[in-house]
Amino acid sequence: MSANPFHLAWFGAGGFGVKSWNKTWSGRGGKDWADPQLWIDLAQGLERARFDFIIIEDSSYVPDAYGGTAEAYVKSATATPKMDPSVLAPLMSHFTEKIGIVPTLSVSEHHPYGLARKINTLDHMSKGRTGWNIVTGSNDNAAKNYGLDGWLEHDERYEMAEEFFDLACRLWTSWDEDAVVLDEKTNTWGDFTKVHTVDFQGKYFSSRGPLNAPQSPQGLPTFVQAGGSKAGRKFSSRAANAIICGVDGGPAAMKEFREDVRAQAAGHGRNPDDAKVLFLVHPVVAETDEEAWAKRERQKAFGEAHPELSLLHLSRHSMIDFSQWDLDEVIPEGTTTNGHQQMMKQAIGKTPRQIANKGPGGLELVGSPDTIAAKMDEVMQEVGGDGFLFANFDLNRRFIAEMADGLTPALQRRGLVREEYTHDHFRDNLLAF
Ligand SMILES: Cc1cc2nc3c(=O)[nH]c(=O)nc-3n(C[C@H](O)[C@H](O)[C@H](O)COP(=O)(O)O)c2cc1C
């Protein structure tokens, strides 16, 4: 590999549900929306390309923030339906051998004991390839599904996440590594002196422990986190092995973000190289640059004709009805949210149309596999590392093949990404370079 190899991961956006409904290359995606096979194909395709991991995005509510009704969301299958990522995860790991599988589970919707148990089980079953995308929740509709009026205030959610994380880690390590002895002579399966209660009493959670299963192959799962706000960055730099982010402003802003979270990781006493920063991108690849740009133009034209499709997301993440403003009216200073802070900050001062048409933000990666590979190399050299998180918006088998069998081999030919996994466990592969 080259002197500066980087990592590739995949953000399974839109949750486990309808994919690429009603589009040219969606196959039976609209009809077979509940069939996990597309995700199994995705996992196998990305493993063939030696990706580090796949995140299964999640939220657990039917949104109605845009226009005050669920109509636009249900009609366009936006952010609904979504099925439980922790049920999909073992299917994906069962049909693969090396790639990391990362379900999204919210600290606001689980108790640490239940979550620790679920993730421990998944890590055992995947033989050390399970991650956890740690999220805190944003939309109060989800809180109401759990019998609450709303979520805690934004920064306090991160305070709670810190406590949740600490307790879960204590539970994951409540069995000593050598607690299972399997001594047939003495008929002893496990040594109870190596299984400990945790007796945790916190502000938000308490638990006696121990977990009712031994440590999983990784001990702690591989942690993935996407906090973009001040409180979010503080948490991710303390906890995450992979910090995922959508950064607007090109390589200079990406570099600033990475340097900030690496410095904060060092401040927490961590080796910053143990917190890989992966930047969200949406590559548009085709046979030639001209064909790729024609494809991008078609995407833009579709977006411009349907600005509400982007605004649906912004509304649900912020709980602010973006249909209240005319498409060309500036979003006023002082508009605040208890949802995603970074997204809101980027919206203020722009018009809904500008936001909708801004495209994926960050980098435009458009071209033939070789053109995009060269651009990714150039950007990583400027930013300093650590890789990219590809996002699917129209997930279909054609797109999987373009990324896994078109773009990634071009990166591999340049020595920019791995050609083989060198370890069995997810975290070891992620931190290998
Ligand atoms: C790439 C990426 C993936 C994310 N995945 C999810 C997800 O699956 N579920 C969720 O509730 N939030 C998700 N988020 C939101 C983050 O957890 C976080 O709330 C957001 O980045 C805003 O940061 P803040 O919470 O620090 O304001 C994601 C964010 C990014 C950038």
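Glycine residues also receive a Cβ, built from the backbone N, Cα and C atoms like all the rest.
In TrEMBL, annotation is done automatically, which means it is predicted and not curated.
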Identity of the FMN-site residue among Asp52, Asp58, Asp289 (reference: Thr104, His154, Tyr158, Ser229, source: TrEMBL)
Asp58
Under 6 Å from ligand 1 by Cβ, which binding-site residues from Asp58, Thr104, Tyr158, Ser229?
Asp58, Thr104, Ser229
List every residue in the same chain as Thr104 (FMN binding site), at least 6 positions away in sequence, whose Cβ is under 8 Å from its Cβ.
Ile55, Ile56, Glu57, Asp58, Pro85, Asn133, Val135
I want to check the contact list for Tyr158 (FMN binding site): same chain, sequence separation of six or more, C-beta distance under 8 angstroms. What comes out?
Thr136, Gly227, Ala231, Gly232, Lys234, Phe235
Across all the protein chains here, work out how many other Cβ atoms are within 10 Å of the Cβ of Ser229 (FMN binding site).
17
